[in-house]
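Heads up: the structure comes next, in structure tokens.
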Amino acid sequence: MIRSEGVRIKVPASTANLGPGFDTLGMALSLFAWIEMKPAERTVFHLYGEELRGIPKDKSNLVYKLAQQVFAEAGVAVPELEISMASDIPLTRGLGSSASAIVGALYAANELIGAPLSMEKLFDMATAVEKHPDNVGASLFGGIVSAVWDGERAVHLRIEPPAELQVLVAIPSFWLPTEQARKILPDSLSMKDVVFNVSRASLLTGALASGRLDLIAAAMQDRIHQPYRAPLIPGMEQILAEACSHGALGAALSGAGPTLLALVERNSDRRSELEAFIQRTLGEHGIEAKLLWLEPCSEGASRVGAHEAAPFAAGNLV
Ligand SMILES: Nc1ncnc2c1ncn2[C@@H]1O[C@H](COP(=O)(O)OP(=O)(O)O)[C@@H](O)[C@H]1O
Ligand SMILES: N[C@@H](CCOP(=O)(O)O)C(=O)O
């Protein structure tokens, strides 16, 4: 069954590598991307918002190619598509814009043909493209997702984010493509560092699942990627080391960076102190950054109605 009227999908941003959870632990965040997909006579793209300037508008577009993968998997032909996209998720900043596009494409294409593929199948397909399950898992399922990937199948556990948790992100004005930030990582690690991360990742997952916010500070540290990526983000080391003494429950590099993330208790009265500390520290290193308070997002990719039309405003076409 092909929905000739098309479908509109909303997908949350994500923070990957949550603390010690490199390539495994992600959380969906309340920043969104939208994709609308309709069968058409010839393929055409409408991209809205400066963030999407430069994204290809032909059949080389990632979203078009992934939609065709879904149709092939389901044995359905929809060769020509009208695709509209808008996004509030900044690109190449460590907030999962590529995962939102991948998940949005697969989810929209599947909905367009009556959802023959399971969510697990979409997760496998998304992870095969992104190569790690933490961003795509959070964008697809929402909440906090702990996931493993064996190269073919992705298996996940979804955790409902504790209601008291809020997130402060500092989004630097410069880009850091994930590909570049992965090249800097070592090929092997010492046993000591492996134990350091495994123990903290286990503790953090358990702490989040059971709402033990008091354990986050002890759990939210990493020796797999943050020390190697620190030189790419001036000020990061100091912010991660001192955020807890300025009111954060814990702090981490978001995804591959450059965005920095702090977990904060909702009713904390130290929010302005934390904001000022982060802004000042980045400023001392010559880094301009936009600070945003976000919510963990419980809902993953979903179909929305015409009332969500706002991002597709004619004046925003790029
Ligand atoms: N809506 C989109 N359509 C097609 N490609 C996209 C879209 N959004 C993001 N991308 C691709 O994802 C890349 C950014 O991915 P990445 O470097 O992993 O950073 P992040 O995912 O943290 O934003 C962009 O340069 C672009 O190629
Ligand atoms: N586990 C990945 C996460 C990349 O996240 P992104 O949001 O920066 O794309 C990695 O660290 O490479």
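Glycine too: its Cβ is placed from the backbone N, Cα and C atoms.
Positions annotated as domain 'GHMP kinase N-terminal' by TrEMBL: 61-143.
A coil conformation is recorded for Thr92 (ATP binding site) in the three-state DSSP classification, outside any helix or strand. Here Thr92 (ATP binding site) comes close to Trp175, Leu176, Pro177, Thr178: these same-chain residues lie at least six apart in sequence, with C-beta atoms under 8 angstroms from its C-beta. Annotation source TrEMBL lists ATP binding site at Pro90, Leu91, Thr92, Arg93, Gly94, Leu95, Gly96, Ser97, Ser98, Ala99, Ser100.
According to TrEMBL, the domain 'GHMP kinase C-terminal' annotation covers 207-277.
Summarised as a single figure, the pLDDT of the domain 'GHMP kinase N-terminal' (61-143) averages 97. Other residues of the same chain near the ATP site, with their Cβ within 8 Å of the Cβ centroid of Pro90, Leu91, Thr92, Arg93, Gly94, Leu95, Gly96, Ser97, Ser98, Ala99, Ser100, are Ala13, Ile89, Gly255. Only Gly94, Gly96, of the binding-site residues Pro90, Thr92, Gly94, Gly96, Ser100, place a Cβ under 6 Å from an atom of ligand 2. For Gly96 (ATP binding site), the Cβ neighbour count at a 10 Å cut-off comes to 34, with all displayed protein chains included.
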